[in-house]
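Written below as structure tokens is the structure these notes are about.
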Amino acid sequence: MAQFILSSFRGHLTNNATKISFKTSLLRPLLLNNNFSTTTPNNNSIQNITVYGSGLMGAGIVQVAAQNGFKVTMVDIEQAFIEKGKKIIDASLSRIAKKQFKDDENSQKSFIETTWSNIKTETNSEKGAENTDLIIEAIVENLETKQNLFKKLDKISKPNTIFASNTSSLPISEISKITERQDKFAGLHFFNPVPQMKLVEIIKNDQTSEDTYQKLVDVTKRMKKTPVTCKDTPGYVSVRLAERGEATTEDIDTAMKLGAGMPMGPFELSDFVGLDTLKSIVDGWRKDGKIDAGLVAPIKKLDDLVKEGKLGRKSGAGFYTY
């Protein structure tokens, strides 16, 4: 399911999918272990961040980091992808500037220019890793691709550089095991759209050090986000709520927006992310065989939509018609 769904149920899997109630899912943010740091920026804190991936998530992370004073490098494999990411950031900054400085064009301009002054771009992945304190990966949701990237970066990054993945479905322990810095590796999952969503999940593997964890808490708080701690377990696909007839697609989306304060409901967000992407994630869990088969069984509604070419917003139809 979409990034919100995949993560908002992280750590709440049970042996029987039908035992997971919609009411419980709404309480997810309240049930997490909120371990907030009281540290403040110092000479040992993270100042320079590199983000791999310039799509919606990557560009959003770059933007919020740059807005809050971090020096950020946005890396992608092609300049065309970089340009798309820059357009995403520019459009978002313009909206924020107009909202924050409604009648002050000079302040709007200054806000945008200051943010852009903190951003640089790079298509050379090795150069992007030079002299950075934190690397955040936000590329395609494929375990092997992520592992290959981190394996390469592990050899060229500074020994104290922290690695983080924005994955919403893959185990951090599996991604990190190919590196020599598992103590400096964690999940750092932002929610979409990044500039608007306050919650950030910090997912620790068994070897993540306390120093790494505290630095990531500090980073997220300096980005004006609210960090919560999660166990390294896969998310849960709550489209089954609708499939079981417990609520309609529309009612679930309405409940999540009005009851949990989400800007988009889970099905709206699924269409936004792409149903083919979501199906790929669920199929990957099932193939992996590490999750109870009942939780990752094929979802007829999702499979049918993908088969019909209804992939969400990008195709003009998904759970909804656009």
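Note that Cβ sites are derived from N, Cα and C of the backbone, with glycine treated the same way.
Feature list (source: TrEMBL):
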- 48-233: domain '3-hydroxyacyl-CoA dehydrogenase NAD binding' (DOMAIN)
- Gly53, Ser54, Gly55, Leu56, Met57, Gly58, Asp76, Glu141, Lys146, Ser168, Asn192, Lys314: NAD(+) binding site (BINDING)
- Ser92, Lys99, Ser168: CoA binding site (BINDING)
- His189: site 'Important for catalytic activity' (SITE)
- 239-322: domain '3-hydroxyacyl-CoA dehydrogenase C-terminal' (DOMAIN)
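Overlay of TrEMBL feature records on the structure.
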residue: Gly53; record: NAD(+) binding site; Cβ contacts under 8 Å, 6 or more apart: Val75, Asp76, Glu137, Ala138, Ile139, Asn166
residue: Gly55; record: NAD(+) binding site; Cβ contacts under 8 Å, 6 or more apart: Phe81, Lys84, Gly85, Ile88, Ala138
residue: Ser92; record: CoA binding site; Cβ contacts under 8 Å, 6 or more apart: Ala59, Gly60, Gln63, Pro193, Pro195
residue: Lys99; record: CoA binding site; Cβ contacts under 8 Å, 6 or more apart: none
residue: Lys146; record: NAD(+) binding site; Cβ contacts under 8 Å, 6 or more apart: Glu137, Ile139, Val140, Ser165, Thr167, Leu170, Ile175
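Its own atom aside, the Cβ of Met57 (NAD(+) binding site) has 24 Cβ atoms within 10 angstroms in the protein chains shown.
Across the residues the record lists as binding NAD(+) (Gly53, Ser54, Gly55, Leu56, Met57, Gly58, Asp76, Glu141, Lys146, Ser168, Asn192, Lys314), the two Cα atoms farthest apart are 24 Å from each other. Summarised by DSSP class, the composition of the domain '3-hydroxyacyl-CoA dehydrogenase C-terminal' (239-322) is 50 helix, 3 strand, 31 coil. Of the recorded residues, Ser168 (CoA binding site) and His189 (site 'Important for catalytic activity') place their C-alpha atoms 7 Å from one another.
Ranking the binding-site residues Ser168, Asn192 by C-beta neighbours within 10 Å puts Ser168 at the top.
Spacing of His189 (site 'Important for catalytic activity') relative to Met57 (NAD(+) binding site) is 10 Å (Cα to Cα, whole number).
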